[in-house]
Amino acid sequence: MFGLKAKSTKKVLGSIPKHIGIIMDGNGRWAKKRLKPRVFGHKAGMDALQEVTITASELGVKVLTVYAFSTENWSRPQDEVSFIMNLPVAFFDKYVPVLHENNVKIQMIGETSRLPEDTLAALNAAIDKTKRNTGLILNFALNYGGRAEITSAVRFIAQDVLDAKLNPGDITEDLIANYLMTDHLPYLYRDPDLIIRTSGELRLSNFLPWQSAYSEFYFTPVLWPDFKKAELLKAIADYNRRQRRFGKV
């Protein structure tokens, strides 16, 4: 049940996007500004994610997909990669209880084969603990790359055609969507209404290229660890000033 404050905020904001995607960028620069190592920024970003998730849940957002680690991030320094891979363990250990209390359901997209065993175990434990929750879906994009996702979908479709499970004429946009990693999401909420990128960068970086065809984009110079409740509300207010046409006049 929403509190009076949450209801009032929703009324002021107007329409709430059902699916928000966030490219969480700027952790390293945030740490550098404070003369700290990059990993310090990643840890602060973990706390920002918890606050944004709870806020989105209170507002009635259905899906929050966060770009936690891309397939390209493996090229970063090994000590940083190792730290980032341990972040889900720390995040779930610290925040799963409060997320569970708020009816948040944890899911993920991405290739799991390269994930360390303890990272995968923590992720699976969080997914299992929250699997019966019916509130916001916190969808981690972990070792995710949009082009790789589409390539994998094409391979599976081609194999099903070869196996006579599909005819080429059966291939539609909806069918392709069913082969993507987001097929586990509720059908009406698979594609983000709003994609937010922090830190001032103006690109998608291989994040949900298929699903974002008609998304609205919000770019902010705010670094991710500083992106808290007020910044999310500002992004949603900006979203509400736009008219979504989906290619129409």
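Using the three backbone atoms N, Cα and C, a Cβ is placed for every residue, glycine included.
What you see is a predicted model, and the numbers here were worked out from it, not measured in a lab.
Lifted from Swiss-Prot, the feature list:
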| type | residues | note |
| --- | --- | --- |
| ACT_SITE | ASP25 | active site |
| ACT_SITE | ASN73 | active site, proton acceptor |
| BINDING | ASP25, GLU216 | Mg(2+) binding site |
| BINDING | 26-30, ARG38, HIS42, 70-72, TRP74, ARG76, ARG197, 203-205 | substrate binding site |
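Sequence features annotated in Swiss-Prot and their locations in the structure.
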| residue | record | Cβ neighbours (10 Å) |
| --- | --- | --- |
| ASP25 | active site | 23 |
| GLY26 | substrate binding site | 25 |
| GLY28 | substrate binding site | 21 |
| TRP30 | substrate binding site | 25 |
| HIS42 | substrate binding site | 22 |
| THR71 | substrate binding site | 17 |
| TRP74 | substrate binding site | 12 |
| ARG197 | substrate binding site | 23 |
| LEU204 | substrate binding site | 17 |
| GLU216 | Mg(2+) binding site | 19 |
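With a cut-off of 8 Å between CB atoms and residues at least 6 apart in sequence, the same chain places VAL81, ILE84 near ASN73 (active site, proton acceptor), listed in sequence order. Comparing TRP74 (substrate binding site) with GLU216 (Mg(2+) binding site), their Cα atoms are 29 Å apart once rounded. When the binding-site residues THR71, ARG197, LEU204, GLU216 are screened for a Cα within 10 A of the Cα of ASP25 (active site), the ones that qualify are ARG197.
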